[in-house]
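**Student:** Following this message is one structure expressed as structure tokens.
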Amino acid sequence: MVEDENLEACSEVGGGEDERKGGFFDCFSTPIYWFKMLANETHWSFVFGVLVVYGINQGLGGAFNRVGTDYYMKDVQKVQPSESQIYQGIISIPWLVKPLWGLLTDVLPILGYRRRPYFIFAGLLGVVSMLLLSFHENLHIAFALLSLTAGSAGAAIADVTIDACVAQNSNTRPSLAADMQSLCALSSSIGALMGFSLSGIFVHLIGPKGVFGLLSIPAVLVFLVGILLDEPFMPKFSYRQVNQKFVDAGKAMWRTLKFPDVWRPCVYMYLSIALSIDIHEGLFYWYTDSKGGPSFSQETVGFIFSIGSIGSLLGALLYQNVLKDHPFRNLLFWIQLLFGLSGMLDLMLVLRLNLKFSIPDYCFIVIDESVSQMIGRLKWMPLLVLSSKLCPPGIEGTFFALLMSIDNVGLLSSQWGGGFILHLLKVTRTRFDNLWLAILTRNILRVTPLCLLFLIPRGDPNASILPTEILGAREEAETPENENIELVSLVSSVDGK
């Protein structure tokens, strides 16, 4: 109903203008009204928090981290692509224990606050780890992995808090679940677009270690969010109840997971991600190889990834405006099929078939990256919406973190599976004879989840999915401690900025 009112307001604003001018105005006014609608329905601080965590810390910072880490492993640590693939999986381990961070933020307040201390800790962890990587000379690979993993833990802890807000708002406002996920995706994609556009330039100018130094800035912003967070103070919290709350949360999660409507989508999400093995490091080493590959520079690699972010952004927009109301199962069938077919572009590139059609490597890889990222985003969006709808009231943050950790275990399985394939096919820093076979294996595995679509519910994506037994406990589960998080304005004199 709120969306309809905003759309009517849009039409009233443009009613007095001519048709051409009104259409031009709507291009700018519609997103503004959409942001205003979300801010009014969920509180502006929720929108602001999403922009900080998803847009700056994960989007912009994640883009710098990805390119910087790729070149750090290749040029500074000088490891093989299969080893780099394994190390990338190790760095992602903090994301596998997101339920732990979720439980801590849900049931263990520190100094009377449930959220602030964890944001502050996450920011400090990111700052220290990134500065250590930046300033230490000849850091051993073990300590480098430890620092990168610590930075990843900081990002994961900050992510859990925002995920809790998204899940809680999705339960209280089911009709806005897709809009909130679109806000997260758009923030992340726009941040990633900016980050990838600049990352290659900065890697070229200051090197991967200098890029790690810059990554301390997003961590500082996370720290500031912890300082400015406005949440109720609990001076009389009984820490003796913490153990019981952990037990209650565990029982609630187990009770929820036992329902077929919950565990079946979880199985599908894990298998669909794990079976799509990741061989990114093998392709990255080939991109930058001067003999067997196209020998792309740092700036070119960053620009290619930025084009991929545009594809991801287009995927989020396409889902928000066209596909968000389609049933999960039907949508995932076509997206998974396209996901497998899009991998054939990598095969054509490595086999140099694009040159036979007079398409330069640079142009072809730009098309390849944008298409694959767009389809990847389309595949991810319905899974996120589905995950947010599976969270029981009272432990939204913890359970959403559990679902995301299942996805991250799938990503880890995908990365390590890809590393095993690269090692088995003897793809090294300078040898890429069997890279095409690794790509073909990946493409075949990508379409296998089509056989598992029976695990996904057929229902309306705008309706609630949780069983009535769980939803009936909503009022008992909701307490004043679970109120929405609000952020203090950064500039108190300027409202709405």
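Each Cβ is built from the backbone N, Cα and C atoms, and glycine gets one as well.
Caution: TrEMBL annotation is automatic and unverified by curators.
Pasting the relevant annotations from TrEMBL:
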TRANSMEM  44-64  transmembrane segment
TRANSMEM  118-135  transmembrane segment
TRANSMEM  141-162  transmembrane segment
TRANSMEM  183-205  transmembrane segment
TRANSMEM  211-229  transmembrane segment
TRANSMEM  267-288  transmembrane segment
TRANSMEM  300-319  transmembrane segment
TRANSMEM  331-351  transmembrane segment
**Student:** Any contact between the transmembrane segment (118-135) and the transmembrane segment (141-162)? By contact I mean 3+ C-beta pairs closer than 8 Å, pairs at least 6 apart along the chain.
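**Tutor:** Checked: the transmembrane segment (118-135) vs the transmembrane segment (141-162), in contact.
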**Student:** Please work out whether the transmembrane segment (141-162) lies in contact with the transmembrane segment (331-351), by counting C-beta pairs under 8 angstroms that are 6 or more apart in sequence and asking whether there are at least 3.
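**Tutor:** Since fewer than 3 Cβ pairs under 8 Å link them, the transmembrane segment (141-162) and the transmembrane segment (331-351) do not come into contact.
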**Student:** Should the transmembrane segment (267-288) and the transmembrane segment (183-205) be scored as in contact, given a threshold of at least 3 Cβ pairs under 8 Å and pairs 6 or more apart?
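**Tutor:** Answer no: the transmembrane segment (267-288) and the transmembrane segment (183-205) share fewer than 3 Cβ pairs below 8 Å.
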**Student:** Counting only CB pairs under 8 A, let me know which of 44-64, 183-205, 211-229 has the most with the transmembrane segment (300-319).
**Tutor:** 183-205
**Student:** What residues in the same chain, six or more past the boundaries of the transmembrane segment (183-205), come closer than 8 Å to it by Cβ-Cβ distance?
**Tutor:** 38, 47, 50-51, 54-56, 58-64, 66-68, 71, 162, 166, 211, 214, 297-303, 305-306, 308-310, 312-313, 315-317, 319-320, 377, 380-381, 384
**Student:** Short question: which residues 6 or more past the ends of the transmembrane segment (211-229) have a Cβ under 8 Å from it?
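**Tutor:** Non-local partners: 49, 52-53, 56-57, 60-61, 64-65, 67-68, 72, 113, 115-127, 130-131, 133-135, 151, 154, 158, 199, 202-203, 485-488, 490.
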**Student:** Taking residues 6+ outside the transmembrane segment (44-64), which of them lie with a CB under 8 Å of any CB in it?
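**Tutor:** Hits for the transmembrane segment (44-64): 35, 38, 155, 158-159, 161-162, 165-166, 169, 180, 183-184, 187-196, 198-199, 202, 211, 214-215, 217-219, 221-222, 225, 230, 305-306, 309, 484-487, 496.
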